[in-house]
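Asks: Let me begin by handing over the structure; questions about it come next.
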Amino acid sequence: MSQPVAKVSLTGIKPTGEPHLGNLIGAIRPALQLAEQYDSVYFIADYHALTTVRDPELLRHYSRSVAATWVAAGLDPRRTTFYVQSDVPEIFELNWVMSCVTGKGLMNRAHAYKAARDRNVEAGEEPDAGVNMGLYNYPVLMAVDILIMESDVVPVGRDQVQHVEYAADIAGSFNHLYGKSYSFKIPKAVVPEVGTGQTLPGLDGRKMSKSYDNTIPLFLPENKLKKLVRRIPTDSTPVEDPKDPDGSPVFQILEQFAPPSAADVVADTRKRLEQGGMGWGELKNVLFEVLNTELTPLRERYDALMEPGSELDTMLAEGAEQARERAGRVLTSVRKAVGISK
Ligand code: ADP
Ligand code: TRP
């Protein structure tokens, strides 16, 4: 019997900030696990980031840094097709074709655009104030990312599910018009169950997020990591008093981040906090040690990949070549189907 062809799993990563612990636990690790069961295609969505990142140096930096992060965290470019979106010009040609089969009404209803309008109206501004066409057309480009690689499943966070549904809709419109000649595969969103199903808290106890400026960046040098952990706010409960571990972001980060090999450290720490006799300072030392042990090998790999001319360049160049081959096949069929080429 011949081997069944593996299903394609594709996801895009928008390079808009310095990766943090929440991203590693909530997005990177689950996506890497999923990659093992699929023909996986992961890419850096740099042109999507351009809708918001206006500083060219910063965009270049984030794109490289996010790519290096995924490789440092374990992405294996021999198993996963890994590339930067802007290295695949076929995407942008198909983007035009797909805009021509996409209803404007569909874009009007997209969550991100609607949220921007609602914010404007609430603030008494013009509804479209500050909305660029990139933000408006964002779902079409994302649909193209997905469709051009013939994706079956798209692992995304909940906020992105509508975009994947849009990709299915847009594929449907194309298939309806040109299906006799070429049909896109209809993709499906999958929302990975995040490890423990929890959201990692940030330094202030709210969800760890760039937007709250409360993150632990993944690749801080050791001394900066130590300083950051020390600065996590705590109350003034005396060392000898019992403490509630579940009410402390320091403990929660420790519990969610610690690997199985540190399970007894976590259990012991919980007990000592509950009994009294362990101060916040000591708890922070425990957290720092666990973080540093886990992150040091990643940081070393990341630093090496970030060097100009590192092997990351070769990986991404090879990835782009593979991606262009896949995309080129689809684009050739589409050009024929719509009447641009013979
Ligand atoms: P941020 O909130 O910092 O802007 P993003 O929205 O860019 O992060 O998130 C990218 C991915 O990382 C998302 O898929 C999300 O599920 C995951 N993620 C971000 N923050 C956390 C967190 N605190 N806990 C768990 N997962 C997270
Ligand atoms: N819009 C996604 C986000 O903000 C990033 C993205 C771009 C993407 N293209 C994609 C995700 C294709 C999945 C598939 O996170």
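Each residue, glycine too, has its Cβ placed from N, Cα and C.
So TrEMBL lists the following for this protein:
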type	residues	note
BINDING	Lys14, Pro15, Thr16, Gly22, Asn23, Gly157, Arg158, Asp159, Leu200, Lys207, Met208, Ser209, Lys210, Ser211	ATP binding site
MOTIF	15-23	motif ''HIGH' region'
BINDING	Asp145	L-tryptophan binding site
MOTIF	207-211	motif ''KMSKS' region'
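Set these features in their place in the structure for me.
Replies: Cβ neighbour count for Lys210 (ATP binding site): 16 (other Cβ atoms within 10 Å of its Cβ, all protein chains included).
Per-class residue totals from DSSP over the motif ''HIGH' region' (15-23), listed helix then strand then coil: 3 helix, 1 strand, 5 coil.
Long-range C-beta contacts of Asp145 (L-tryptophan binding site), restricted to its own chain and to partners at least six residues apart, with a cutoff below 8 Å, comprise Leu10, Gly12, Phe43, Ala45, Gln85, Ile91.
Mapped onto DSSP classes, the motif ''KMSKS' region' (207-211) shows 2 helix, 1 strand, 2 coil.
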Asks: Quick one: largest C-alpha distance among Lys14, Pro15, Thr16, Gly22, Asn23, Gly157, Arg158, Asp159, Leu200, Lys207, Met208, Ser209, Lys210, Ser211, binding ATP per the record, in angstrom?
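Replies: Largest Cα to Cα distance for the ATP-binding set is 20 Å.
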Asks: Lys14, Asp145, Leu200, Lys210: which of these binding-site residues put a Cβ within less than 6 Å of any ligand 1 atom?
Replies: Leu200, Lys210
Asks: Within 10 Å of the Cβ of Met208 (ATP binding site), how many other Cβ atoms are there?
Replies: 23
Asks: If the criterion is a C-beta within less than 6 angstroms of any ligand 2 atom, which of the binding-site residues Lys14, Asn23, Asp145, Leu200, Met208 pass it? List them in sequence order.
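Replies: Passing the 6 Å Cβ check against ligand 2: Lys14, Asp145.
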